[in-house]
Amino acid sequence: MKTSIATVSVSGALGDKLVAIADAGYGGAEIFENDLLSAPQSAREIGALMRELGLACTMFQPFRDLEGLPDTMRARAFERMKRKFEVMEHLGTDLVLLCSNCSPHALDDRQRMLDDLHELGEMAAAHGKRVGYEALAWGRHVADHRDAWALVRDVDHPAIGLVLDSFHSLSRRVPSASIGDIRADKLFIVQVADAPYIEMDHLNWSRHFRCMPGQGDFALAQWAAAIQRTGYDGWWSLEIFNDRFRAGSAHTIARDGLRALRFMEDQAARAARRDSPMPPRIQPSGVEFIEFAAAHEEAEDFGKLFTALGFSPVARHRSKDVVRWQQGGINLVVNSEPEGLAHSFDIVHGGSVCAMGIAVPDQSAALARAEALDIPRFRQAVAPGEWEIPSLRGIGGSLLYLVDQATRDAMWADEFPVALQSAPAQPLLTRVDHIAQTMHYEEMLSWLLYYHALLEVNKTPQLEIADPMGLVYSQAVETPDGALRFTLNGSLAAGSLTSRFIQAYFGAGVQHIALSCNDIFAAAEQAQARGLPFLEIGPNYYEDLEARFDLPADLVDRMARLNILYDRDGDAEYFQFYSRAVAKRVFFEVVERRGYAGYGAANAAIRLNAQAKFRERDED
Ligand SMILES: O=C(O)c1ccc(O)c(O)c1
Ligand SMILES: [Mg+2]
């Protein structure tokens, strides 16, 4: 796939954008006119810079409002276009994008449009240039690629072709099967963007909510496969208008864009049952372990909490200051080594989660998938006689270990041979239900893409949750069977718990861990007896619960005594309780799912309010 990106997609000044685009590895870039107008360099200098960076100038854009104008405005539009041909000469591109006319003066006169496009073709050809015609979703008379294609086809001029932009087509739900009518030699360039399906006018939706393929809701795999079936072999150029991206780092956006294009190519190949250039997404079967970095004092705090939750310290590492805690299928590892990544992590963040190990069927296929997506592998010095579990760079500098069956067996048996206590004989907690990761709001789409492209996970819609100090956005990625679930949370409000976590912790990371059980009342009673510091829920919640769900009073009383929250979806029920934060950062949740698929979003605001009470005490 020949990859390109419009400069409007990336933050910064034009020169810096181009450097970031080249560094990420794109073959080309579209120059967005506004970026050029505000740049200190001349068009000639930008053209030279692109050649120096090895970037093709794939297109100059946009040019607006030309076809179907009344006579009084027509000549002026053609004159404007002629001037742009000179700029394009300097930039080193022969292609300019013409947006379908949005002017209120544009006439609904098809023959006039055909005549104008023909004359434009003649003028462009005389200058050695080509014009790609794009139907904007809000175009006045042409707003659908089928109409744009019909014009281009009927004009039948070698210098006039079509631009397909996934946003305009998929936001209007134009069937991708219609792309089959388009001739590949007439398709001058393809622009790619994803977006969430939201109720909004097309212009604002397009200008503010576009995102990278895989971050939104559009069926891009089918759309791209339909384009490939025409035989098109030109540029695939990202065009992402998004304020969130413009606030981020140019290098991150450029890298994510390329990752997203590769992911789309992979999904398109699979949709068309062709060979993909990369191995399939990893199918994780659960969380194998969660590793905490903690110096001794904080390790003791973690130990107390783990004990209250019913865990036992079962083994010590053969040579390192690392202890494995276990219960049911859950492994928590506390790393107090005075050197290595965990130690560095502890110095930067304080006691917290520094790594997660996910169970994967095939380690080398998993690593190959990561490599194809340019997800960096982490390596540190391995002492003689030691071995390494392969890991990837994850959120906030933490690690994502890839654990297959052979590694799992060797890891626990050989690395942790020093037996301590026996594991609980009747574990009340059985497995990791979900891991909640907190990050800057601007990073959320980036991590969403990371997980979605790497793992065979689905995305849930983004939810808005009311924190007493502002809004928190939350979105989950989960395997179809629910074996692995991560929630991603971010907030723009400086005072929300989410933002305070990032400040106190110096960056993104795991904020809470939810563990599942089969009997929430037994689990809560045991935790209470063992002195778990519960997050206390006020009485109003329980009064409302009784009224809302028509639950028996004695059940609600029991829930109130144990600080258990409740949600219901049809016949499916969800029970949850929370601990207070350990080491002022990480807290735990225990859940029981009775056929319930969500995360108790209805209770999130209650939980955040209950936590706000401890702001002063639980945080520095
Ligand atoms: O929002 C716009 O005006 C605009 C401009 C150029 C494009 O290619 C496009 O898709 C939209
Ligand atoms: Mg476009």
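Note: Cβ is positioned from N, Cα and C throughout, glycine not excepted.
What TrEMBL lists as divalent metal cation binding site is GLU134, ASP165, GLN191, GLU239. Taking the Cβ of GLU134 (divalent metal cation binding site) as centre and 10 Å as the limit, one finds 24 other Cβ atoms among all the protein chains shown.
Here TrEMBL flags 283-405 (among others) as domain 'VOC'.
Along the domain 'VOC' (431-580), the predicted structure has mean pLDDT 93. Taken from TrEMBL, the feature domain 'VOC' applies to 431-580 (among others).
Taken from TrEMBL, the feature Mg(2+) binding site applies to HIS434, HIS512, GLU589. The Cβ of HIS512 (Mg(2+) binding site) has 22 neighbouring Cβ atoms from other residues within 10 Å, across all protein chains displayed. Reduced to three states, the DSSP call for HIS512 (Mg(2+) binding site) is strand.
Proximity to ligand 1 (Cβ under 6 Å from any of its atoms) holds for these binding-site residues out of ASP165, HIS512, GLU589: ASP165. Candidate binding-site residues: GLN191, HIS512, GLU589. Those with a Cβ under 6 Å from ligand 2, in sequence order, are GLN191. Non-local neighbourhood of GLN191 (divalent metal cation binding site): ALA6, GLU134, VAL163, LEU164, ASP165, SER166, PHE167, SER237, LEU238, GLU239, each in the same chain, at least six residues away, with C-beta under 8 Å from its C-beta. Summary of the Mg(2+) site environment: with the site residues HIS434, HIS512, GLU589 set aside, the chain residues having Cβ atoms within 8 Å of the Cβ mean position are ASP433, ILE435, ALA436, THR487, ILE513, ALA514, LEU515, PHE587, PHE588, VAL591. Shown for the domain 'VOC' (283-405): DSSP residue counts in helix, strand and coil, namely 36 helix, 43 strand, 44 coil.
Sequence-ordered, the extra residues of this chain that approach the divalent metal cation site, with Cβ no more than 8 Å from the Cβ center of GLU134, ASP165, GLN191, GLU239, are ALA6, LEU97, VAL163, LEU164, SER166, PHE167, HIS168, ILE189, VAL190, VAL192, ALA193, SER237. GLU134 (divalent metal cation binding site) falls within a strand segment according to DSSP.
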